[in-house]
Each structure stands twice: as C-alpha cells, then as structure tokens.
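Feature annotations, reproduced from TrEMBL:
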type     : residues                                                    : note
BINDING  : 8-13, Asp33, Arg38, 86-90, 127-128, Glu161, 272-275, Arg342 : NAD(+) binding site
ACT_SITE : Cys272                                                      : active site, nucleophile
DOMAIN   : 328-452                                                     : domain 'UDP-glucose/GDP-mannose dehydrogenase C-terminal'
Amino acid sequence: MVKICCIGAGYVGGPTMAVIALKCPSIEVVVVDISISRITAWNSDQLPIYEPGLEQIVKQCRGKNLFFSTDVEKHVSEADIIFVSVNTPTKTQGLGAGKAADLTYWESAARMIANVSTSNKIVVEKSTVPVKTAEAIEKILAFNSKGIDYQILSNPEFLAEGTAIQDLFNPDRVLIGGRETPNGQRAIQALKHVYTHWVPEDRIITTNLWSAELSKLAANAFLAQRISSVNAMSALCEATGADVAQVSDAVGKDTRIGPKFLNASVGFGGSCFQKDILNLVYICECNGLPEVANYWKQVIKVNDYQKNRFVNRVVSSMFNTVSGKKIAILGFAFKKDTGDTRETPAIDVCKGLLGDKARLSIYDPQVTEDQIQRDLSLNKFDWDHPVHLQPMSPNTVKQVSIAWDAYEATKESHGICILTEWDEFKSLDFQRIFDNMQKPAFVFDGRNIVDAKKLRDIGFIVYSIGKPLDPWLKDMPAVA
Ligand code: NAI
C-alpha cells in the first residue's frame, strides 16, 4: 500500500488529504502536525476548519485510510510520498522583513525529514513558496541523505477557501513540477498517478520545478490584481456617477477578460494574496527588477486604499465622527462560507473605526469571539504561525462586543457595515433592523449584497461600493 504523509494539518493539508483519501481507497493518508490542539480537533466531531462538504468526507474516511496524528516522525519515516503544507509567513524581522517568505517551518520540516528517513522519499511542496525553494530543500536533504534518494516536486495548491472541496474534486488544473532527470520524471509520474484516480489526465500539467513554483505566485498575483483593478474603478465610479456593477458586467462580457472575479468590494483578504504578492515583489527586487516589483506592489496599495476609503466614508458620513457610536459589523471572515479571518479586510476596517473611538458590535456566523479578539489585537503577520506559537492571551479590545445574530448586533446602532457577503445577510428583515436603530440609520455595504433601493425606501442612508452616491454622501466626500 502506498503511504502518504502530509506535514501540516491546516486549511490546505486537511481538505487536500481528505479528498485524496476519499478518491484513493488503496492509499493510506496520514496528516501530521506539531499543533496538538489542531490534531485533536481533526480527530473530534468539531473539525478545526469550516469548509462545506469537508465534514462528511472526513467522517467517511477517518480511521479507514485517513488518519490525523502528532507523531510526526513516525509517519514521515514510513511514508513514500511526503507533502509539506506548513505555514510560510511573511518575515517580520531581518533581511526581507515585511516582504520575504519566512521559511523557518519549511526548513525545520525538511531537516526533520532528513533526520528520520530510512527509505527513498518523494517530497512534495504543497505550501506556497518562493521560487527556488525546492533547490534549497534539495540541498538540505542531499547534504543529510545517508544514501537515500529524495525527489522534490512542486505541486502548488489552487483551491479557494469556501469552495475547497468542489475545487479539489474538479480542479481547473493540477500542476506538478519536477526535475528533468529520469528519477525526477519517475517521481512526477508517481504523483500524477495519485491524481489520475479522479482528475482527467489532460488537466494534469507537468513542468520544471521553477515554473511550478512561480506559477502559483503568478496566479495569485493575477487574481488579486483583478480585484484591485475593479476596486480602483469603484472609486472612479463613485466620483463620476457610473455604477461599478454595470461597468464590470460590460467589461466581463469580453471573452478575453471574462466575468469572474470582477466584484467590487471593501478589499481582498485571505492568507495568500497579500503574502504571495509581497513575496513576488521581494523576488523581483532581489533579481534587480524594481519596475516589476513596483507594478505588483501597487495591487496591495490599492487594496489598502480601498479599506481606508471605506472607513473614511463611514466616518465622514456620520458627521465626521464615530466616537462613542455603536457600529454593527456584519461579517468578519474574509469571504463567505469560511470561518477563516486571516488578512480579512474586516480587521483593518474595525481597527480604523476603533481608531476613531467607535463601539463595535460584531456578528459573523462562523467566527468565534476568541478569534475576533485575537485578530484585533495581534500584530501584523503574527497570525501566520502555528496556533500554539502565537501570543497566548492577547488583550481583549473593550470597545468590541460579539453578537449572536445580526439583529442583536444592529440593535440601537448608528450604522451597519457589511463586510462579508454571507447569504443570510441578503434576507435580513431590514425594516425590523431599521426600527431598532438610532436615526439617521446608515448601511455601508462593503460587498454590494443588499438591495439599496429597498433600504432607502425603508429610510436608511445607504453606501454601496462603486455605486451612484446617496445625496447625503455626496455632500460629505471621503478622501482616503
Ligand atoms: P495553516 O496555518 O492553516 O496550516 C499550516 C499547519 O502547519 C499548521 O497547523 C501548523 O501547526 C503546521 N506546521 C507548521 N510547521 C510544522 C512542522 N514543522 N511540522 C508539522 N506541522 C507544522 O496554513 P494553510 O492555510 O493550510 O497554508 C499552508 C500553505 O499552503 C501556505 O504556504 C499557504 O500559502 C499555502 N496555500 C494556502 C491556501 C489557502 O487557501 N489557505 C491555498 C493554497 C496554498
């Protein structure tokens, strides 16, 4: 029986391995992690991450050919194929701080593999890593090989949180990069064989190592760039009276552009986009390409601008101060159908409002109070480390309370900010909400999900990103 071990039981390692176990009953899959609490959760009824469809798969396979364990060394030494899906945070100190990827966790995983292995291994980069990481890993393994053959493959993961299971079942492509040597090609075929259990062969692309590594960074940069492009347009729409939804629709009809990923919003979030672009920028700078670096940097700058612009709209609309006012925050996750809050725009929006002394009442259907408090008190980039290595008990932010539902959050509030596009927010009883709010009552829709006309008829002053402005807002321009 082929044995697979995945190091890192996170948003990528967990779902990816669960799907491999489901689709390949003849393969034994063990997911290992240094975080005891994560592994305990994977072995319980309350999985550590929320992802539609994941729970059923885990329940179906767990204990049969899918296992979760903290015995990292044992399972690594027994495996034929080792996936490495550990954190690759942005460095906060030293060379490349604020941009370069911190490969501490990756390197320690590689050294551990070298220490415990007694048979040949295929080591697969699943984490998103800088170009040429495979070369570094190869060196660590080769210098400690004790005669063992290690083949390094790059197999970046393209799943999107919220649709991870769907994406894994039916990927647009699976990308496998490897060495062009006979052993390298054999390793590629071995990994390809795993995926051919359910992925059509023509969707499995094989490349050299560096192309595979760079393709992942490039794909995320292109996706984030689309969001920043439409968000930049949204500011211009507000200034001119155009409607960003109409502009996106018209632009997206061009088959060369396509309609997806053209929704204006309060900004992109998630663990990857910003981190991967910063990483790309750093690689460009290191390779003497400052113009290319600056081009991609702009994608992040526009994202920060969009979040600032949103906060400024809120504050300026409410008589230029939110001090002491209750603002309801609907949605904290970085997008719907996930409980993930890493780099969610809600953090910056909330911090901006707290900076103006607002009182916040936050409701998200999938994010816990503890998580929200952590996010609002952790330093930038601290979130991207294993849970048990993050600061233990961050100070709670007193002006923040967590509500059980949208009605409680909005009760007696002055304004509402919609920051995640959860479906349940579309069907709220806004008349009831309006009746229980302070007047004038404001809605700032950071996701363009409410029917602005209907809300205006009820009596709300509504701000929708990139849409023609309410007369009230026109008189109070917000410059970021
Ligand atoms: P995560 O933080 O959810 O999971 C990483 C896990 O690795 C943690 O549970 C941590 O405890 C564990 N870990 C760290 N060092 C370890 C070691 N030496 N031994 C054993 N376990 C160790 O991170 P996530 O989101 O799963 O991301 C992993 C990688 O995949 C990152 O490089 C990320 O950029 C990339 N990625 C993430 C995607 C996403 O949507 N979250 C999508 C595609 C790629």
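Quick reminder: no glycine exception, Cβ is built from N, Cα and C everywhere.
Mapped onto three states, the DSSP output places Thr90 (NAD(+) binding site) in strand. Remark: Asp33 (NAD(+) binding site) has Ile7, Gly8, Ala9, Gly10, Gly13, Ile39, Phe68, Thr70, Val72, Pro386 as non-local neighbours, by Cβ distance under 8 Å and separation of at least 6 in sequence. Between Cys272 (active site, nucleophile) and Asn87 (NAD(+) binding site), the C-alpha separation comes to 11 Å. Taking a Cβ cut-off of under 6 Å from any atom of ligand 1, the recorded positions Tyr11, Asp33, Asn87, Thr90, Cys272, Gln274 reduce to Tyr11, Asp33, Asn87, Cys272. With DSSP states grouped into helix (H, G, I), strand (E, B) and coil, the domain 'UDP-glucose/GDP-mannose dehydrogenase C-terminal' (328-452) comes out at 38 helix, 19 strand, 68 coil. When Cβ atoms from all protein chains are considered, those within 10 Å of the residue listed as 'active site, nucleophile' total 25, not counting its own. The Cβ of Tyr11 (NAD(+) binding site) lies under 8 Å from the Cβ of Ile49, Glu51, Glu161, Ala164, Ser271, Asp340, each of which sits 6+ residues away along the same chain. Among the listed binding-site residues, namely Asn87, Thr90, Gln274, the Cβ with the most fellow Cβ atoms inside 10 Å is that of Gln274.
Cβ neighbour count for Glu161 (NAD(+) binding site) (all protein chains, 10 Å cutoff from its Cβ): 23. The Cβ neighbour count for Gly8 (NAD(+) binding site), using a 10 Å radius over every protein chain in view, is 28.
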